[in-house]
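Okay, here's the structure, questions in a sec.
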Amino acid sequence: MNLISIPAFQDNYIWLLANRQKHCVIVDPGESAPVLATLAQGQYVPQAILLTHHHNDHVGGVADLRHHFPDIPVYGPQETAKKGATVIVNDGDSLTIAGQNYTIIAVPGHTLGHIAYYSSPYLFCGDTLFSAGCGRLLEGTPEQMYASIQRLAQLPDETLICCAHEYTLSNLKFAHAILPADQDIATYQQQIEQLRSKNLPSLPVKLQFERKINVFLRCNDIDLQRKIGTTSPPDSLVSVFCELRSRKDSF
């Protein structure tokens, strides 16, 4: 499989996953022009569009892409029905597109109907889990978002996180501010600074590594809890998540 990150807007990524026959899926096309250019350059043949949620920077290119490819199915959660989705999918559904199997995972939090698509090893998770961070809670509750990222964290170590924004460096700066002595975070921040200085993407990233440098996946870390002045029994780690999310919102 060939995975391509297509830059869009200021910091979005539209994902394209193609097989050897150059049949591909397009994930969260916020705009059509860069997608059409990539399709033409690589002679890819789109088989489906996958939408994770209803925000315009993820669905804005759907109408024009369907103008160019009238028969292409557009999969998405119920909240995208008025944003171009032609096939509504729900938690636990399975899709087979261009010989690749996809499992739908409900991940409410950023929006109430947000979903992710998992096709081993690829995880297209929209604005739920970012490298070294997570999405803002625009519609859902902290409990929902914490449960969602924990659900994604249970996927296999080799899972490749294909999120929709280049937020890695800013997320690492926040993580370093919380845990300044953490060498994994400090070293990775330096690596990403070099990468971004060359305008290269920081994504995708393996989940196994993400568990080390993403503070939102480390709410049970005693040292982290001490640093933010929050201690929680295992059944209320969401309070640690809430404190982290609140601090990140104002960082």
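Every residue, even glycine, has its Cβ placed from backbone N, Cα and C.
Swiss-Prot lists these features:
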- His53, His55, His110, Asp127: Zn(2+) 1 binding site (BINDING)
- Asp57, His58, Asp127, His165: Zn(2+) 2 binding site (BINDING)
Within 8 Å of the Cβ centre of Asp57, His58, Asp127, His165, which other residues of the chain have their Cβ, at the recorded Zn(2+) 2 site?
Asn12, Asp28, Gly30, His53, His55, Gly126, Ala164
Taking the recorded Zn(2+) 1 site as His53, His55, His110, Asp127, identify the other residues of that chain whose CB atom sits within 8 Å of the mean position of the site's CB atoms, giving them in sequence order.
Thr52, His54, His58, Thr111, His114, Gly126, Thr128, Gly135, Leu138, Ala164
Give me the CA-CA distance between His55 (Zn(2+) 1 binding site) and His165 (Zn(2+) 2 binding site), in Å, as a whole number.
13
Counting every protein chain present, what is the number of Cβ atoms, excluding its own, within 10 Å of the Cβ of His58 (Zn(2+) 2 binding site)?
26
Using a 10 Å radius around its CB, how many other CB atoms surround His110 (Zn(2+) 1 binding site)?
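That number is 25.
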Per 10 Å Cβ neighbour count, which of the binding-site residues Asp57, Asp127 ranks highest?
Asp127
Can you check which residue among the binding-site residues His53, His55, His165 has the largest number of Cβ atoms within 10 Å of its own?
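Answer returned by the neighbour count: His53.
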If you measure from the C-alpha of His165 (Zn(2+) 2 binding site), which of the binding-site residues His53, His110, Asp127 fall inside 10 Å?
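Among His53, His110, Asp127, the ones whose Cα sits within 10 Å of that of His165 (Zn(2+) 2 binding site) are Asp127.
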Where does His58 (Zn(2+) 2 binding site) sit in the DSSP three-state scheme?
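Assignment for His58 (Zn(2+) 2 binding site) reads helix.
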What three-state secondary structure does DSSP assign to His165 (Zn(2+) 2 binding site)?
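His165 (Zn(2+) 2 binding site) sits in a strand per DSSP.
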